[in-house]
Amino acid sequence: MGCKVLCTSVALLAYLMFFGHVRAECTQPSFASRNVVLSNHLSTQNFTNGSTVTFECVIGHKPVDPKASRSVTCEGNQWTSLELSCTRKSCGSLADFSHGRYDMTGNLFGDTAKPVCDKGYMLAGKETTRTCRNKGWDGRDPLCEPVKCSAPPAIENGQLVDESLESYNYLEEVSYRCNKGLTLIGKSTLLCSEDGTFKPDPPKCSDGYPKPTIPNAKRISGKAPPYKLAECTQPSFASKNVILSANHLLTQNFPNGSTVTFECVIGHKPVDSKASRSVTCEGNQWTSLELSCTRKSCGSLADFLHGRYDMTGNLFGDTAKPVCDKGYMLAGKETTRTCRDQGWDGRDPLCEPVKCSAPPAIENGQLVDESLESYNYLEAVSYRCNKGINLIGASTLHCSEDGTFKPDPPKCFDGCPTLKIPNAKRIDGKAPPYKLNNFIKYKCGDGYRLEGDAIIECRENGWSPEPPQCIALPTPPTTTTTTTTPTTTTTTTTPTTTTTTTTPTTTTTPTTGNELLVSSGQRRTGPLTEPGFPQGFFSILSLMELWFLAAVASGLLSWGHFIYSDVVDLIANYWTDTI
């Protein structure tokens, strides 16, 4: 009885100890979503309670947080949480290479980069795609060399227009022509394309079609043989603002049944987006084109800060000139914007407040207030002249909208110079010094006449009009009287008588009375008859004097027009010129 109970207890304890030990273990841990793998213990499948293992990032990955714990511990039959989490490494972007670039799916581990050469260049050798690896991009930059096309193919019943070359550069063209009487079908001109071949396919030369033989039938309409291929020349619908699609631009002739497509010229769009863009060659004529295009709209440009646009319109080709508000001016050079195919070019300008630099200094004057380095829009400055000097012009200037002071600064005028006119004297007006608006009236001395205006005035630019001159009068003609008196002397001598006759003696006697030297400003008097002048001359002068004085008194004339001496000179000169 005692052994039975004891033996049962020992067996139960052994059972519990054995199975309890088996259950306290963990299977191999896995955290695939975190892009990690075990650092070691890769072949171990079970781990006892308390075991610790470490993880690392899978190839091509790096820790999101370098400080995160990389270990986990088996507690009973479960692992603790793993802090480490990894993400794909970056290889960075590949730079463009000579005459080419990369078409990349990305720049992280596993991404690829396909080399693409620029137009006109092609890869030298086999194309190799590069891959972002654990240590960076594999491979190296490829070589892009200029496209070369070999000689174009020959065609039956035709030949090249120019002599064939061994090779052609990218976009170089060749043209074909058919033998006389044959029709060229296809495109006559081919281009060396980017893949190193001529495109499109070479044309064909057709000599027409054989005469059909149909038993018991006769031709009642149509052309008699030989029968040539019907064709159309290159179509054009310029008034619809369209052009041929690029693949038809170089073709000049199209066989019957050919269909070509059109597109809108740049900056235009279809009037009806559903309109057909194709036409077909029927015989030797093209069908009508439905497509018609109109200028694209760029929309109206909104006003910008402190400014607006002066627009010619908002359709393709229209322009918009920026205009700043008053008190503001464009910062930098003015740039007119244009409505382009993709919208308005450029961008809104910057309008900044108008600033004027310090106003200019003036001679013989200065600013009323101390000058500043700059002035705001509409700020004013005032000038004054030195004592005793006249200010000519506006004394106050304003900072204008173009950043300059307006109007022009004034001048300080200190008078006109004293004049010295030979053979003239001042008979009226102020004595020197001469200030603004002072005048002088001149008179010439005897034997001189006045040329110019007798009265001149001191203006801001000097004397006005120009000072006169005194011109010497020509000496009037004189009259001389010659008297001849014969003298006879008789001498008697025996037996010879001699008679001597002397030559006539001439005596010159100066005229008596007034010499009539008519000069400016001199009133002439004398007898009604003077040597060298017609009778009544001085009576005419007296009448003119009376008329002149009466005209001045009545206001018809003024002393400023001319002086009496001018009238006397005029008449005197007339008489002396006509006698």
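Placement of Cβ uses the backbone N, Cα and C atoms for every residue, glycine included.
Annotation comment: TrEMBL describes 1-24 as signal peptide.
The feature domain 'Sushi' is assigned by TrEMBL to 24-88 (among others). Residues of the domain 'Sushi' (24-88) grouped by DSSP class, helix first, strand second and coil last, total 3 helix, 28 strand, 34 coil.
Residues annotated as domain 'Sushi' in TrEMBL: 89-146 (among others).
Around Cys144 (disulfide bond), taking its Cβ as the centre, 20 other Cβ atoms fall within 10 Å, counting all chains. Residues annotated as disulfide bond in TrEMBL: Cys117-Cys144 (among others).
Annotation comment: TrEMBL describes 147-207 (among others) as domain 'Sushi'. Counted with DSSP, the domain 'Sushi' (147-207) comes out as 0 helix, 27 strand, 34 coil.
Residue environment of Cys149 (disulfide bond) contains 22 other Cβ atoms, counted within 10 Å of its Cβ in all protein chains. According to TrEMBL, the disulfide bond annotation covers Cys149-Cys192 (among others).
According to TrEMBL, the disulfide bond annotation covers Cys178-Cys205 (among others). Non-local contacts of Cys205 (disulfide bond) by the CB criterion (under 8 A, 6+ apart in sequence, same chain) comprise Ile155, Glu156, Asn157, Gly158, Cys178, Asn179, Leu182, Thr183, Leu184, Ile185.
Per TrEMBL, the feature domain 'Sushi' maps to 230-295 (among others).
Taking the domain 'Sushi' (296-353) as a whole, pLDDT averages 94 in the prediction. Positions annotated as domain 'Sushi' by TrEMBL: 296-353 (among others).
According to DSSP, Cys351 (disulfide bond) sits within a strand segment. The disulfide bond feature in TrEMBL is assigned to Cys324-Cys351 (among others).
Taken from TrEMBL, the feature domain 'Sushi' covers 354-414 (among others).
The annotation disulfide bond is assigned in TrEMBL to Cys356-Cys399 (among others). For Cys356 (disulfide bond), the count of additional Cβ atoms within 10 Å of its Cβ stands at 22 [all protein chains shown].
Here TrEMBL flags Cys385-Cys412 (among others) as disulfide bond. The Cβ of Cys385 (disulfide bond) lies under 8 Å from the Cβ of Asn364, Gly365, Leu391, Pro410, Cys412, Phe413, each of which sits 6+ residues away along the same chain. Cys385 (disulfide bond) falls within a strand segment according to DSSP.
Per TrEMBL, the feature domain 'Sushi' maps to 415-472 (among others).
According to TrEMBL, the compositional bias 'Low complexity' annotation covers 478-512.
Residues annotated as compositional bias 'Polar residues' in TrEMBL: 513-523.
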May I ask for the distance between Cys324 (disulfide bond) and Cys149 (disulfide bond), taken between their Cα atoms and rounded to an integer number of Å?
57
List the Cα distance (Å, whole number) between Cys399 (disulfide bond) and Cys149 (disulfide bond).
69
Based on Cα distances to Cys351 (disulfide bond), point out the closest of the disulfide-bonded residues Cys117, Cys144, Cys149, Cys192.
Cys117
Could you tell me the C-alpha distance between Cys144 (disulfide bond) and Cys356 (disulfide bond) in angstrom, no decimals?
58
Could you give me three numbers for the domain 'Sushi' (89-146), the DSSP helix, strand and coil residue counts?
0 helix, 26 strand, 32 coil
Taking DSSP states H, G and I as helix and E and B as strand, how many residues of the domain 'Sushi' (230-295) are helix, strand and coil?
6 helix, 28 strand, 32 coil
What's the number of neighbouring CB atoms sitting within 10 A of the CB on Cys351 (disulfide bond)?
20
CB contacts for Cys399 (disulfide bond) [other CB atoms within 10 A, all chains]:
23
